[in-house]
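Asks: A single structure is presented below for examination.
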């Protein structure tokens, strides 16, 4: 089945109303895009911010006559006659197959590979983590996850205890186990992340070495030789004393989820507890590492 999509440029203040109007006109779905390459940083809890110049994309059945819809929208004062829009035909595809074809095994460092379950493992002798994209958790494609995976690959984790602080999919925790860690503890505020981490650990046959906790359930005095936290700059600063006390003296720390312009400030803050290394960057993102004093 083919589709028609109507693309409309609008101000974010009008997005909710326009979305309702489009649904009333028979749109099957509404999606949003950035109209002017405007970054959005760290939304507050419960917020779903939009770009100032937002492109709204309304999907309709291929047989829909959009002329009445355009005429109706032109009567809206916030749009007006000749408003900025475009009508496009969308080719019918096997979208699930298209989506699956877009994911390939990725190598991180010298030993580690992250592989979707439907792909052939490139190097059976390497350290392979089987992980499928799903939910809103890391699969290695984002620069911050890649920075953390590369760092873990560079370490000798033999007989080390590791904490994955903000474990998400469990990708970092599972990689640490596969790279030799004797025990890994994953902590996350989202019970869905705990469930995702457990499912991925079971798929990789490492569930016996992984303990998973919500913050309120984690053991008292939890400490490790290595801690990795791929979250955001705000929580990293707010939780710095807690994170620091979880790393043994002489232990190793990696922090990511930071934009390059945020990295130095966070590094300076953590220098109270850690001997910090130079910042490592990938695209617009940074990773901080250090040794516990």
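Heads up, the Cβ atoms here are built off N, Cα and C, so glycines get one too.
OK, Swiss-Prot features for this one:
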type	residues	note
BINDING	145, 166, 188, 230	S-adenosyl-L-methionine binding site
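Can you tell me where each of these features sits in the structure?
Replies: When secondary structure is read from DSSP and collapsed to three states, residue 188 (S-adenosyl-L-methionine binding site) falls in the coil class.
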Asks: Taking the residues 145, 166, 188, 230 listed for S-adenosyl-L-methionine, what is the greatest CA to CA distance in Å, to the nearest whole number?
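Replies: Comparing all Cα pairs, the maximum is 16 Å.
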